[in-house]
Amino acid sequence: MAAASSMALSSPSLAGKAVKLGPSAPEVGRVSMRKTVTKQVSSGSPWYGPDRVKYLGPFSGEPPSYLTGEFPGDYGWDTAGLSADPETFAKNRELEVIHSRWAMLGALGCVFPELLSRNGVKFGEAVWFKAGSQIFSEGGLDYLGNPSLIHAQSILAIWATQVILMGAVEGYRIAGGPLGEVTDPIYPGGSFDPLGLADDPEAFAELKVKELKNGRLAMFSMFGFFVQAIVTGKGPLENLADHLAGPVNNNAWAYATNFVPGK
């Protein structure tokens with residue numbers, strides 16, 4: 001194969017002509033994934049490039065060759081090799097960003113109503129999972145505890161509404177906006193950036209890192225809220241207050257021992 005290539009390139013018919021060899025399949029995937037990213041990051045950024053911050057600091061060791069520090073949130077850690085395939089990495093990167101955004105909104109929605117309720121604001125059920133479960137009650141669910149606002153009695157109607165509304169927004173984003181001009185579905189900009197946060201490339205690059213760091217924390221927080229709801233039947237702020245009042249008796253280990261057989 002190498003000999004044939006050498007013979008072809010040395011052919012007199014090709015003399016003086018530039019010959020471009022096609023990239024390999026992995027390179028094609030990597031190129032297609034990088035087309036959607038505008039990289040204008042300062043070489044001195046601590047979050048990008050080979051000298052970026054690593055997951056264990058100076059004890060991190062050499063990161064995998066495919067983790068070059070090009071994308072936000074890359075700390076050089078990929079034990080499972082999830083980023084080795086360029087196409088899989090591109091898909092997972094988009095999924096992580098989208099789930100991070102939903103998790104941040106969800107965590108705020110779980111904590112804020114309970115915080116208001118604990119400070120005297122009355123608007124119905126404040127605990128996030130109890131508020132949603134009211135849809136199954138005989139009287140249905142009044143948004144913000146006000147019957148003059150949206151009154152819901154059918155979980156199927158809510159499900160259909162969410163599918164339509166969320167599907168429309170996601171379709172708009174993936175399709176590139178009304179004119180199909182958006183080149184990056186993860187960071188579409190335009191009408192999705194009314195404050196112009198992406199106008200400065202260096203500031204935007206740092207905001208991408210902040211978004212992922214907070215989004216990853218929010219995903220772990222939401223998982224914790226789910227576990228708390230199942231184990232204690234209380235909201236996150238009530239669980240926090242119980243722990244601060246009696247940390248010895250109100251902690252993860254104490255609740256875990258309740259599930260020990262024979263206890």
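If you go along the chain as it appears here, the first residue is 1 and each next one adds 1.
Placement of Cβ uses the backbone N, Cα and C atoms for every residue, glycine included.
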Among Arg173, Arg216, find me the residue Swiss-Prot lists at the same chlorophyll a 1 site as Trp77, Ser83, Glu96.
Arg216
Give me the CA-CA distance between Gln134 (chlorophyll a 3 binding site) and His243 (chlorophyll a 6 binding site), in Å, as a whole number.
27
Please give me the binding-site residues out of Tyr55, Trp77, Arg101, Ile150, Arg216, Ala252 that lie within 10 Å of Leu144 (chlorophyll a 3 binding site), comparing Cα atoms only.
Ile150
Rounded to an integer, what is the Cα-Cα distance in Å between Gln228 (chlorophyll a 5 binding site) and Glu211 (chlorophyll a 3 binding site)?
25
